[in-house]
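Q: Just lifted these from TrEMBL, have a look:
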type	residues	note
TRANSMEM	A:14-35	transmembrane segment
TRANSMEM	A:74-98	transmembrane segment
DOMAIN	A:75-264	domain 'ABC transmembrane type-1'
TRANSMEM	A:110-131	transmembrane segment
TRANSMEM	A:143-164	transmembrane segment
TRANSMEM	A:185-208	transmembrane segment
TRANSMEM	A:243-264	transmembrane segment
Amino acid sequence: MRQSIKTQKTFGKIGMYLLLSIFLVISVFPFYWMLVGSTNSSDKMFTSPPTLIPGDQFMTNLMNLDETVGIGRVLFNSLFVSGLYVVLALIVSATAAYAFAKFEFKGRNVIFTIFLLSMMIPYQATLIPLFQMMANYNLLNTYFALIAPQLCYPFAIFLMRQNFLAFPSELLESARLDGAGEFKIFMKIVLPSMKPALAATSIFLFMYQWNNFMWPLVAIRTADMYTFPVALSTLSGVSYTDYGQMMMGISIATIPIMIFFLVLQKHFISGMLGSAVK
Amino acid sequence: MVDQTKRVPYFFIAPAVILFAIFTLYPILASLYLSFQTYEGGTYTFAGLDNYTRLMGDSIFWTALSNTFFIFIFQVPIMLILAMILASVLNSQLLRLKGFFRVSFFLPAVTSLVAYSLLFSIMLQNNGLFNEILSYVGIDAIPWLSDSFWAKFSIVMAMTWRWTGYNMIIFLAALQNIPEEMYEAASIDGAGKIRQFFSITVPSLKPIILFAGILSTIGTLQLFDEPFNLTSGGPGNATMTLGLYIYENGFEYFDFSYGSAIAYVVVMLVAILSYVQFKFTGDK
């Protein structure tokens, strides 16, 4: 009896690892194949048997891609827009979250509810008026148009608020009794203790902006202002597609954000876990 | 002194509220208003429900709607079930390398929608990697992107790859809150792993399943990046989605009013489907 339960457990364990390994291959293999593709010529992606080892076309693909989309400029646009966006959106969401979590004021619950409900409204319902607004003020094709619209990001406010709620109010009270100004309290006492929450939120915001596609596609008119995803999407659809070049583009779009995630994954996953629990 | 502290929270919240009013609230209301207008002779005039009645007779709209539902009905349940299975396996106490698996499964969720759509478009070519692998197990090549059924299926597959790990993390968070003693007690009573999954895991995950379900509903109904980059809405209009049709009308034909009307159909569908899910999962 005891023996059979033990064998059953071992089998269960083997089954578990087998299942996980299958999903591991499915999750990770496309990334490997992407890297292999970026170092091979276009036709190597359609060979039988498949090409599974890196080739020597890395530089050629890189040069070709640069010629088609201007990697430096496009990468700069994406990094600049995402970087500035993260800093500004972090300030907006941290201050708002602090007010929601640590102050009693008229209208607090109404505003917070409206923010939460707006997360249910599809983004596309705002797209056309946003476009008209930017067109009216001659702001299409500018960095402003890319950065401004989503600076108030309700999910980021929600994420930060959950963390601010845990901040002890007594600390705020004693700082006030010592005569510290409200802004100073926020900057010097509250924010420094919120580093993990700030890290999680900034990864989230960066990923959002770095990967954003539909709005830049609409708001940007000229190739020199393209963000990386928009430039990447222009690679398909032409009569002849150079897949080596495209794989290089896919790799460049994927690798920085992946490294960013892997370095900060502890914060990100715990930030996500924290928000989903409540 | 007292009055001054009363003003403090408003200073902190002002930037968010102002930005929200300009860039979110105003556009939401403006596009509703726009959907009741038509553009004639250089000006917008009130047209009542004209755009909506036009939608009723627009066969591409109905195709887009049914495609979106096809993807929604297959993709969301498959993904949520897979995510739940993976989460409960990863939550098991016996397992080593938990962190490694968790991060690996989440990895697809950090890639840009454009990048992974293009990656799949290469793998799904007729002579691409997918068909090559299928040929080793004796399955004939499948016309992934050129057949109207398989093109939709390709999008379902790609989205499942991209989003399963993301939902797994959400479920994992909830699972960690279920006390281990509940499982121990159930095992002592002789309940097997599968029985435990259905009588402990699934019921305690209910609220979070609702949360993930509604998030996925919103995401699927505005599906745009994948059909735009993976299938270009084709073949024919086989993968035309509501999101893609809003884009076409708004930014290719510049028919802003009609585009807004479609957007509001999506808003209504999200509201209805979220309500149904609330009713379906909520006990109270």
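Just so you know, glycine gets a Cβ as well, placed from its N, Cα and C.
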Q: Rank A:14-35, A:185-208, A:243-264 by Cβ pairs under 8 Å to the transmembrane segment (A:74-98) and hand me the top one.
A: A:185-208
Q: Below 8 Å between Cβ atoms, which of the listed ranges A:110-131, A:143-164, A:185-208, A:243-264 makes the most pairs with the transmembrane segment (A:14-35)?
A: A:243-264
Q: I need to check the long-range neighbours of the transmembrane segment (A:185-208): which residues 6 or more away from its ends have a CB within less than 8 Å of a CB in the stretch?
A: 82-83, 85-86, 89-90, 93-95, 98, 102, 150, 153, 155-156, 159-160, 163-164, 167, 171-172, 175-176, 257, 260-261, 264, 267-268, 270-272, 274
Q: Residues sitting near the transmembrane segment (A:243-264): Cβ under 8 Å, six or more positions beyond its termini, same chain?
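A: Result: 31, 34-35, 37-38, 40-42, 44-45, 57-58, 60-62, 64-65, 68-69, 71, 75, 199, 203, 206-207, 210-211, 228-229, 231-232, 235-236.
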